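Asker: The following feature annotations were taken from Swiss-Prot:
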DISULFID  Cys39-Cys124  disulfide bond
DISULFID  Cys152-Cys178  disulfide bond
DISULFID  Cys195-Cys331  disulfide bond
DISULFID  Cys196-Cys335  disulfide bond
DISULFID  Cys198-Cys409  disulfide bond
DISULFID  Cys448-Cys483  disulfide bond
DISULFID  Cys453-Cys488  disulfide bond
DISULFID  Cys496-Cys532  disulfide bond
DISULFID  Cys507-Cys511  disulfide bond
DISULFID  Cys542-Cys548  disulfide bond
DISULFID  Cys553-Cys589  disulfide bond
DISULFID  Cys564-Cys568  disulfide bond
DOMAIN    24-190  domain 'Reelin'
DOMAIN    191-383  domain 'Spondin'
DOMAIN    436-489  domain 'TSP type-1 1'
DOMAIN    495-549  domain 'TSP type-1 2'
DOMAIN    552-605  domain 'TSP type-1 3'
DOMAIN    608-662  domain 'TSP type-1 4'
DOMAIN    664-717  domain 'TSP type-1 5'
DOMAIN    750-802  domain 'TSP type-1 6'
CARBOHYD  Asn210  N-linked glycosylation site
CARBOHYD  Asn677  N-linked glycosylation site
REGION    353-389  region 'Disordered'
REGION    722-741  region 'Disordered'
Amino acid sequence: MGLIFQPLFWQYVATSYALMVLGFLDETVEKAIKSEGYCSRILRAQGGTRKEGYNEFSMRVEGDPEFYKPGNTYRVTILAVSPAYFRGFTLIALKEGKEGEKEEDHAGSFQIIDEEDTQFMSNCPVAVTESTPRRRTRIQVFWTAPSIGTGCVILKASIVQKKIIYFQDEGSLTKRMCELDLTLEGGNEKTIPDCCACGTAKYRLTFYGNWSEKAHPKDYPRRANHWSAIIGGSHSGEYVLWEYGQASDGVKQVAELGSPVKMEEEIRQKGDEVLTVIKAKAQWPAWQPLNVRAAPSAEFSVDRSRHLMSFLAMMGPSPDWNVGLTSEDLCTKECGWVQKVVQDLIPWDAGTDSGVTYESPNKPTIPQDKIRPLTSLDHPQSPSMTRGGPIIPIARVVIERIARKGEQCNIIPDNVDDIVADLVTEEKDEDDTPETCIYSNWSPWSACSSATCDKGKRMRQRMLKAQLDLSVPCPDTQDFEPCMGPGCSDDEASTCMMSEWITWSPCSASCGMGIEVRERYVKQFPEDGSLCKVPTEETEKCIVNEECEPSSCIVTEWAEWEECSATCRMGMKKRHRMIKMTPADGSMCKADTTEVEKCMMPECHTIPCVLSPWSEWSDCSVTCGKGTRTRQRMLKSPSELGDCNEELELKQVEKCMLPECPISCELTEWSYWSECNKSCGKGHMIRTRMITMEPQFGGAVCPETVQRKKCRLRKCQKSSGNERRHLKDAREKRRSEKIKEDSDGEQYPVCKMKPWTAWTECTKFCGGGIQERFMTVKKRFKSSQFTSCKDKKEIRACNVHPC
């Protein structure tokens, strides 16, 4: 009886399943006829029973945002809480208040992630549905938000669990999001919520430029079109790199010159408010296939206090137009880290230059405007798209989580690593290997013992090389840890899809013992963006010709090739290996340890030399008189790619003249004091100095040039006639001696002098001046020895009274 019943049962199941599939197909055809190309409310089980599914089914948008950013891409997930499941679904996005009867009622667009699981509806191309009616617990698609001005959007999902049971338009299957007003100060929600995630996360930012003549033909600049270097950072909510408000000096320099230097200084000055400075290379030209194949990218990290990221890049040439993200939150409300952000970027104006076309001359905006998005309603000469229509994105940024570090605090594990961590009840103690035990390094972990999606264990080994103290036991040479098998179903978000093992490589040794390797690769990474921990390489010992010749040596495998020596056209690259064991006979190892080969890089693309305008002249280098002033300009195109002359003038210097500097009075040093003008009694003596430079242009006036002081040699005494005669003779004697000295030691007068001239006029009317008089030679006498006489000069003070 049981044998008869079993085939009948399976026949009934197969028949029911076929009827269910036919029901779906009939329903799809019927709706296709009625919809006439548009989507009305689509029910996948019109005659079935509608139930409440608040506790079993839900639709989630990654990050659970209340607002959407125009052009941003979001991951949408429909979930069934175990043990519930569903077989079919429909997902649409409608403008608020619309029923989907017209094509323009729908908002944004969906992107298929897994074509084996989801597809666009044949009778409603803007909606997403299942590919096959099988059991499932989750599906995921990407939804790209509509352009600016769309307003609020409602995502609606319908769930078919069985042929006669469906769920639709309930709170958990409906998500309402409104457009974020980018013109508001800050461009984000009023407040940034605190982050509750644990540990850190590492992300990779990849920038895809789509600014090409084909996509944006109006006034496209064929010369020197480029993207500047990307500059940004991961930061806290206390710091804003840029926002839809006033541009900082760093933003202005990026927007006008494409230089990230000032912006990087501003970021680094914020200290602990910034975790990572994000930098990526510039792109010359702005679009080429290489930019898509090897798009500029940069890696950065976030943590609980610095969970926001911002960046910007200039499109050049342009007045001050840029693209970028500001304060993008990578922390989720579930205390985890966002897996992926994909956003199309539209240009924005920094508000520092009033130019309206790509190559408008510099026209500073005074006073400076606020940063604002470019729209199709800007100046008629602006290269914006169709007037009044949407702005076509000119770039796309993809931010992907590539690693998580530290203890994570997600409530629900979302990858194999998290599940394995739950299996370990106690952390292993630190390595307590005794110093007397010498081991080899641990081998790689073996494959998990479970071939299915179940708990298992894996093993690694090491060899005991030496036991220095036999009384001290050495720990085990094998180590085990729990693991999850690689056979998890496609519904597991953390499953890695692996290829088959590739055949074993040749043995690494030409003789004796070596190693052979086999590899496999990751065909598909987990949906949640976590890293695959499944081993991709296995090694095994191998023996070739058990006895090696004495002169042979053992070398390691070749290392990876180094980077090409050239950035374009022909270059050279190297790789190295090391000698593991020299020949047993002591001879030199003849194996090559370095290998060189040619490498070909993309064609060298030179670009026109692009210079910024000359800056204003600097102030004169002096405050008066003659000096110099300078002005500068910057090289905007990378020197390694441009055809700029190395001797290109980037700095100019010219002379400048300011009013004459004041010149103060200058004098000689004081002369020695003269002799006292009296031989006895009270007298005085003087000293003088000369003016070498009169004061000019308001300089300091000249001080006194004559100083006098009192002198007294001895008291004068009354003398008798003989004494007076004696004094007279003494004076005559001194006079004759003086004449002798003046005539270079002649014993007798050899010349006749003219009388003294009159005193010259005083050099000053007051404050001390000087007078001079002169005595010249009248006649010279000749003798057997030729001698000569000297002219004489006397100086005295005059007008010494104060002015």
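Backbone N, Cα and C define each Cβ position, glycine as well.
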Asker: So which of 552-605, 664-717, 750-802 has the most C-beta pairs under 8 Å when paired with the domain 'Spondin' (191-383)?
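Answerer: Comparing 552-605, 664-717, 750-802 against the domain 'Spondin' (191-383), the winner is 552-605.
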Asker: Among the disulfide-bonded residues listed here (Cys152, Cys178, Cys507), which has the Cα closest to the Cα of Cys568 (disulfide bond)?
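Answerer: Given the candidates Cys152, Cys178, Cys507, the nearest one is Cys507.
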Asker: Do any of Cys196, Cys335, Cys483, Cys496 (disulfide-bonded residues) have a CA within 10 A of Cys409 (disulfide bond), and if so which?
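Answerer: Near Cys409 (disulfide bond), where near means Cα within 10 Å, the disulfide-bonded residues are Cys196, Cys335.
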Asker: Starting from Cys335 (disulfide bond), work out which of the recorded positions listed here (Cys195, Asn210, Cys448, Cys511, Cys589) have their Cα within 10 Å, and give them in sequence order.
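Answerer: Within 10 Å of Cys335 (disulfide bond): Cys195.
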Asker: To the nearest whole angstrom, state the Cα distance for the pair Cys496 (disulfide bond) and Cys448 (disulfide bond).
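Answerer: Spelling it out, the Cα of Cys496 (disulfide bond) and the Cα of Cys448 (disulfide bond) are 14 Å apart.
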Asker: On the 0 to 100 pLDDT scale, where does the domain 'TSP type-1 4' (608-662) sit on average?
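Answerer: That region's mean pLDDT is 82.
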Asker: For Cys152 (disulfide bond), which residues of its chain lie six or more apart in sequence with Cβ-Cβ distance below 8 Å?
Answerer: Lys95, Glu96, Arg176, Met177, Cys178, Glu179
Asker: Taking just the CA atoms, what is the gap between Cys553 (disulfide bond) and Cys196 (disulfide bond) in Å?
Answerer: 57
Asker: Taking 10 A as the limit, how many CB atoms besides its own sit near the CB of Cys568 (disulfide bond)?
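Answerer: Taking all protein chains shown, Cys568 (disulfide bond) has 15 Cβ neighbours within 10 Å.
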Asker: Round to a whole number and give the Cα-to-Cα distance in Å for the pair Cys448 (disulfide bond) and Cys331 (disulfide bond).
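Answerer: Checking the Cα atoms of Cys448 (disulfide bond) and Cys331 (disulfide bond) gives a distance of 33 Å.
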Asker: Taking the Cβ of Asn677 (N-linked glycosylation site) as centre, how many other Cβ atoms lie within 10 Å?
Answerer: 13
Asker: When the Cα of Cys195 (disulfide bond) is compared with the Cα of each of the recorded positions Cys483, Cys511, Cys532, Cys564, Asn677, which one is closest?
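Answerer: In terms of Cα distance, Cys195 (disulfide bond) lies closest to Cys532.
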Asker: Taking the Cβ of Cys542 (disulfide bond) as reference, which residues of that chain separated by at least 6 in sequence fall under 8 Å from it?
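Answerer: Listed in sequence order, they are Cys507, Ser508, Ala509, Met513, Gly514, Ile515, Glu516.
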Asker: Counting other Cβ atoms within 10 Å, pick out the least crowded of the disulfide-bonded residues Cys448, Cys511.
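Answerer: Across Cys448, Cys511, these disulfide-bonded residues, the one with fewest Cβ atoms within 10 Å is Cys511.
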Asker: For Cys409 (disulfide bond), list the number of other Cβ atoms lying within 10 Å of its Cβ atom.
Answerer: 13
